Structures are given as structure tokens and as C-alpha cells.
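Data block below; observations after.
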Amino acid sequence: MATNYIFVTGGVVSSLGKGIAAASLAAILEARGLNVTMMKLDPYINVDPGTMSPTQHGEVFVTQDGAETDLDLGHYERFIRTKMTKRNNFTTGKIYSEVLRKERRGDYLGATVQVIPHITNEIKARVIEGAAGHDVAIVEVGGTVGDIESLPFLEALRQLAVQVGREKTIFMHLTLVPYIPTAGEVKTKPTQHSVKELLSIGIQPDVLICRSDRMVPPNERAKIALFCNVPEKAVISLKDVDSIYRIPALLQSQGLDDLICQRFRLACKEADLSEWEQVLYRQANPTGDVTIGMVGKYVELPDAYKSVNEALKHAGLTNRLNVHIKYIDSQDVETKGIDVLKGVDGILVPGGFGYRGVEGKILTAQYARENNIPYLGICLGMQVAFIEYARHVAGLTQANSSEFDKNCPQPVVGLITEWQDADGSVEQRSENSDLGGTMRLGAQQCHLIEGSKARELYGKETIEERHRHRYEVNNTLLPQIEAAGLKVTGLSADKKLVEIIEVPNHPWFVACQFHPEFTSTPRDGHPLFAGFVKAAKENQKK
């Protein structure tokens, strides 16, 4: 069966939740037995978000095959079972770099290279490639209609709709329908103007998703339908909700999935949303509360740790607990002392880059170790725990990472210069390598040691988790630290790289070099996060 396409755009303002709405629709279609994939087209000129500031762009989501992508792909994987790959996200920068590479190679046979047709053709080719083999591909265009940056993407999708046939495509437009308290009513004019903007570039939306803080009344939906050339049943109200996992049921209750299946002439079963009902039931009926202190460098923007935040919530669902996250700036630990860490049931130190705030993270690991506070370290969170143990238990008082001190006499953490990627190919790096796209990335196998907490939590010997780092434990100094008691409980497939460490004689102190948050979902959770939150709850009783 040829792929059907749903193109998702946004209007009026940014941050309307296109990714969540698109992922929720994908979840309903998947629940109807359809094979669904999703794509995000980002109109910025960076080749990928890998070198962008987390406080500007939010987290970088790493796919199984090692692509550094937009955080919306994390939403996609949390809502549907399909795993995202490098084909599911591309940027203006990636498109232009590929077109320029082809031009230098002579692929265009001396033609004048232009936005139309060369850039738009490259966009279309990538969308078709990413959608291949699926019943439905939902393609989200980043930004807001009217922005100059997104014009090539919109033109490419307009052309693609003509080429594959309008009966195989749906344009779904998210727009804001604000409520004006002084007037006591919602206003439809912003939506009308947004649709007018879309029409000016040749796109007639088929479905309108109306974002508001309340349900849009039927008379206002009828008005929107009339003035935007859309059937009334295709004007969907999407109000603010207390949980994003309510949105699939909210969209289904208004018949959005039926409308789409009818348009595409898809004969499929009714959606079974029972798994999502279970998620909502557990969320609404917690048996207790737990507070996790997250000590990071980018805490002013919680989206910098989006997948970690969600993974903690998923662990709360698994344990029937309401998880409260207390964000603590690691620099505050340096300047104000360990008092800022008090009052939490567990401590999580997530990933990060650069020296700023690192000593605060090391102090945090020491506080958790010495006070028997459950600790989960991720990526840099493992490295600081390793440095702390080396300094204060193993007697390597000058221990540090070469990332923070290139002349460190005891570099217990150093640059990885060679490793195997997920395909078995050997990757090599040096200190002079580019920052972008040069880390150990994507899913890697990890061997768990018998009798370890990690082995107990996962329940198997070999796991696969996603990585994003260029520094690792220095094996030269590792024997001294192991002799002081630290347990290495997870190793890379070739047994050369340390993946998990555990502190002995501690209720729960586990740190991993990989990023378990990227594989946590609301329906399945993740064993490390579930075990950590459970240990934090048990810590309350002491």
C-alpha cells in the first residue's frame, strides 16, 4: 500500500504543541492497527541540534542509529512504538549542505542551483525516503506559518501533495483560538488570518486543530469552518489538559481518526486506547509522593532535560507515585553549599558538557554517597561520581577529567579516541576533531555483571542503550579505583569501556555512561528509573 501523508503546520504563535498533537494522532492511528511513522522538519540552518545550547533549544534527543535530533522525536517515541532514525528529522542546514555537496560533485550538470527546484526536490526526496514502508507518515513542519525560514519546506510539501495525489495527503493546521476574559468569548480572527497565510502559498488545510484554554464552542467551530473552507467535523477543539496523555482520547472523541481513515479510504479496526487508559488511571491514583533533586547546569529551562523529566514521571507511574522534581543549579551547590541538597528523597545528576558547575556535581555525588541518598548518575553524572570516588575513597586527590583540566596529573576520565559504533565500524577521534557529530552516538550493547543491581533491575545479561559522549573512564587508572571498592557492573560489548558503576554498601547508588531516558515510555517505563524512584520512596521511611 502506498504511504498516506499528514502534514502538520502551526500558525499564529509558536509552542502550540504541534509535536504532542501530531504524536497523539499517531498513537490513535497505531491503536487502529496502522503502521505509523513521524518526521520533524526543522527550518534552522544548523545541520543538527547537536551543538546548540540546551537553554535555547532544549534537549538533543538521540535516536537508536545515533542521530542527534529535535526533542519532538522524543515525544514521538513516547507515544508510538515505531523507533525514530536519522531519516525522521532534518534541518534546512542539512538540506543545503547536501545540495551544495551535490553541486560541487557536478550532479546538477552545470545548472543554476536554486531553492526551486533543487532545495525543494531534496526535501521531497527525504520525506519520501523517511515515509517508505509505512501506512501513514505524519510530517511536522517546525516554526510558524508566515516565517520566511519555513517557506521552502511548505512549498516542497505543497508539491508533494500534488505529486502523490490530494486523496493521499492531509494538511492539518494547529492554530490558537484565544479566550478574551473582558469579552467573555473566544476569538476566531487569528485562525482566519493564519489560514489566509497558508492559502497565500497554495495550501488549503483539511483539518484545523484549535488550541485554547477551553473547549471551543460549537457555534465558533462552525464559524471557523465557514470562513476557512473546512468541513465543520474537521474543526477539532484541543483544550489545555493536566496530562498530555489525555490528548489521544480527546482527539478520538471528536472523530479525528475516523475522518482521516475515511479520507484515506483505510479499512481498519476501532482504536483500542486501553493502554493509555491504564496510564491515566495510574497517573490519577498515586499511592504516595516522592521528591527527586535534579542537579544540573541548564535547570533554568526544564526542556533541556525533557526526556529525563518524562522518564521520572514514567517511573512514578510504574511505582504508583507522584514524582516531584526539585531543580537545583549545580553552581548553587558550589556557592551555597550542600544545604541546597537537603529535603530530597533521591538525587539525579544528568548529562552535560563543559567545566561550569562540575565541582558542584562532584560535591553532590559525595553528599549522596556519604549520606546514603539514592543516586542516579547519567553520562556526566557517572563521570563526576567516578571522579568523586577516586578523590575521596581511592586516594587520587588530584583526580579529574581531561575535559575540565587538560594537564590533570590523574585523568580518571579521558577522551575516547577509538570505539566501535552500532554497526561494528571503528570510529576514531582526537582533540582536534569537530564538535558536531563526533561523539559516541546511538544504541550500543552493554554486558551486565552477575549479582549487580543493574543486572537485577534489567533482568538480563545484555542490554542496548543509547549514548552521547566523547569522554570515558580511563582504564589505566581504573584498577586503583576498583581496588578501593567501586564496582564496575556494566561494560561495552568488547569489554573495553565502562558503562555502569555502583557504589558498594550503599542503599542505591548507580551511575551509567549511557542515556536511559531516551528509551523510557509511559506505557513501559524504564528499569533504572523505576528502581531509582522506588529506592527514593524507601529512603523516606528512614
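The backbone N, Cα and C atoms fix where each Cβ goes, glycine too.
Taken from Swiss-Prot, the feature region 'Amidoligase domain' covers 1-266, and the record attributes it to sequence analysis.
Here Swiss-Prot flags SER14, ASP147, ILE148, GLU149, LYS187, THR188, LYS189, PRO190, THR191, GLN192, LYS223 as CTP binding site, drawing on sequence analysis. In the three-state DSSP scheme, ILE148 (CTP binding site) is classed as helix. Long-range neighbours of ILE148 (CTP binding site) (same chain, six or more residues apart, CB within less than 8 Å of its CB): none.
Annotation source Swiss-Prot lists UTP binding site at SER14, LYS187, THR188, LYS189, PRO190, THR191, GLN192, LYS223, citing sequence analysis. A simple way to gauge crowding: the CB of LYS223 (CTP binding site) has 18 other CB atoms within 10 angstroms, across all the protein chains here.
For ASP240 (ATP binding site), applying a Cβ distance below 8 Å and a minimum sequence separation of six or more within one chain yields SER212, ASP213, ARG214. DSSP classifies ASP240 (ATP binding site) as coil under the three-state reduction. Among the features that Swiss-Prot reports, ATP binding site is placed at SER15, LEU16, GLY17, LYS18, GLY19, ILE20, ASP72, LYS239, ASP240, VAL241.
Taken from Swiss-Prot, the feature domain 'Glutamine amidotransferase type-1' applies to 291-542.
What Swiss-Prot lists as L-glutamine binding site is GLY352, LEU380, GLY381, MET382, GLN383, GLU403, ARG470. Within 10 Å of the C-beta of ARG470 (L-glutamine binding site) there are 20 other C-beta atoms, taking all protein chains into account.
Per Swiss-Prot, the feature active site, nucleophile maps to CYS379; the stated evidence is sequence analysis. Around CYS379 (active site, nucleophile), taking its Cβ as the centre, 23 other Cβ atoms fall within 10 Å, counting all chains. In the three-state DSSP scheme, CYS379 (active site, nucleophile) is classed as coil.
Secondary structure from DSSP puts HIS515 (active site) in coil. For HIS515 (active site), other Cβ atoms within 10 Å of its Cβ number 24. Marked as active site by Swiss-Prot: HIS515 (among others).
The active site annotation in Swiss-Prot covers GLU517 (among others).
Neighbour density at the Cβ, taken as the number of other Cβ atoms within 10 Å, is lowest among the binding-site residues SER15, THR188, GLN192, GLN383 for SER15. In the predicted model, the domain 'Glutamine amidotransferase type-1' (291-542) has a mean pLDDT of 90. In the structure as shown, the Cβ atom of GLY17 (ATP binding site) sits within 10 Å of 18 other Cβ atoms. Within 10 Å of its Cβ, the residue among the binding-site residues ASP72, GLU403 with the fewest other Cβ atoms is GLU403. In this structure, the CA atom of GLU517 (active site) is 11 Å away from the CA atom of CYS379 (active site, nucleophile).
Working note on the binding-site residues GLY19, PRO190, GLY352, GLY381: by count of other C-beta atoms within 10 Å of each C-beta, GLY381 ranks first. Counting every protein chain shown, the Cβ of LEU380 (L-glutamine binding site) has 27 other Cβ atoms within 10 Å. Using Cα positions, the member of the binding-site residues ASP72, LYS187, LYS189 nearest to CYS379 (active site, nucleophile) is identified as ASP72.
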